[in-house]
Amino acid sequence: MVNNINQLGIEEILELLPHRYPFLLLDRVTDYTLGESITAYKNITFNEPCFTGHFPGKPIFPGVLILEALAQAAGVLGFKTAGNSDDLYLYAGIDKARFKHPVVPGDRLDMDVRLIKERRGIWKFHGVGSVDGKAVCEAEFMCAMRKL
């Protein structure tokens, strides 16, 4: 458990998200402002299951998993903002996705996600993934809030 009021450790993340190994892609939330933004990270290790086939001898963390990590951070922000754990956040669309640099074992993938707008259960976000302060992925995406 993390003591800072605007941080969440893995225990709190597990209480909010339905994802579990090997698909939980957040290690810690470092800051959030309800209804506005969230920052989080995932440590990328050689033990990630995706590296078995992506790519043997040259492991690169898949771009689609970076997008999923951004969406999971957005989901935490949504759950914390809306306060309803009976809902599920589902991807509804991805726009303007760009992959700028590869992410490899040993990197810390930092995520910065900002809420653009929310209307009728559709949340639109802008997310940036970075490593060592350098953007590796950027996208706008939408999540739909639905009952389980």
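A Cβ is built for glycine as well, from the same backbone N, Cα and C atoms used for every other residue.
Listed in Swiss-Prot for this protein:
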type: ACT_SITE; residues: His54; note: active site
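Residues within less than 8 Å, Cβ to Cβ, of His54 (active site) and separated from it by at least 6 positions along the same chain comprise Ile60, Phe61, Pro62. In this structure, the residue listed as 'active site' belongs to neither helix nor strand by DSSP; it is coil.
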